[in-house]
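Swiss-Prot lists 1-22 with the feature signal peptide. Annotation comment: Swiss-Prot describes Cys30-Cys101, Cys42-Cys89, Cys90-Cys137, Cys90-Cys137, Cys103-Cys145 as disulfide bond.
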Amino acid sequence: MAKLTILIALVAALVLVVHTSAFRSSEQSCKRQLQQVNLRHCENHIDQRIQQQQEEEEDRARKLRGIKHVILRHKSSQESEESEELDQCCEQLNELNSQRCQCRALQQIYESQSEQCEGRQQEQQLEGELEKLPRICGFGPLRRCNINPDEE
């Protein structure tokens, strides 16, 4: 009976070591992938989306105040540029081979972009846009991914 207990303990320890080793290997692989992938297109897309939201809010505020101020925007070229940034962003995120690594990429974008936010509202817009990206890119919501690592 003692031999069986020792054998079970050894097998459990071996499983733990293998699992830990695989996790470390996965983390190292993700770090390498994040160093190789260029997330600039994702950052640009997010910047454009937040700017667009702010412009829409300003337009609504003007309308509520009764100011008839027409803003001429070059929608077609702007939308085309946004679409191109989004397509390239999705390609970059799809290059990452796991949801955990994709989550790390979104967290990395949040960390770099949140420094430029002016207030909590912009941070929330940033979080919201980053949370939408996986669905927009077609690989669904990321499970257990907290975009803002400070809130963990």
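Using the three backbone atoms N, Cα and C, a Cβ is placed for every residue, glycine included.
Using a 10 angstroms CA-CA radius around Cys42 (disulfide bond), the disulfide-bonded residues that qualify from Cys90, Cys101, Cys103 are Cys90. Across the structure, Cys137 (disulfide bond) and Cys89 (disulfide bond) are spaced 8 Å apart at their Cα atoms. With Cys145 (disulfide bond) as the anchor, the candidate disulfide-bonded residues are Cys30, Cys89, Cys90, Cys101, and the one with the nearest CA is Cys101.
With a cut-off of 8 Å between CB atoms and residues at least 6 apart in sequence, the same chain places Leu142, Arg144, Cys145 near Cys103 (disulfide bond), listed in sequence order. Taking Cβ-Cβ distances under 8 Å and a sequence separation of 6 or more, the neighbours of Cys89 (disulfide bond) in its chain are Leu39, His41, Cys42, Asn44, His45, Leu133, Cys137. There are 18 other CB atoms within 10 A of the CB of Cys137 (disulfide bond), with all protein chains counted.
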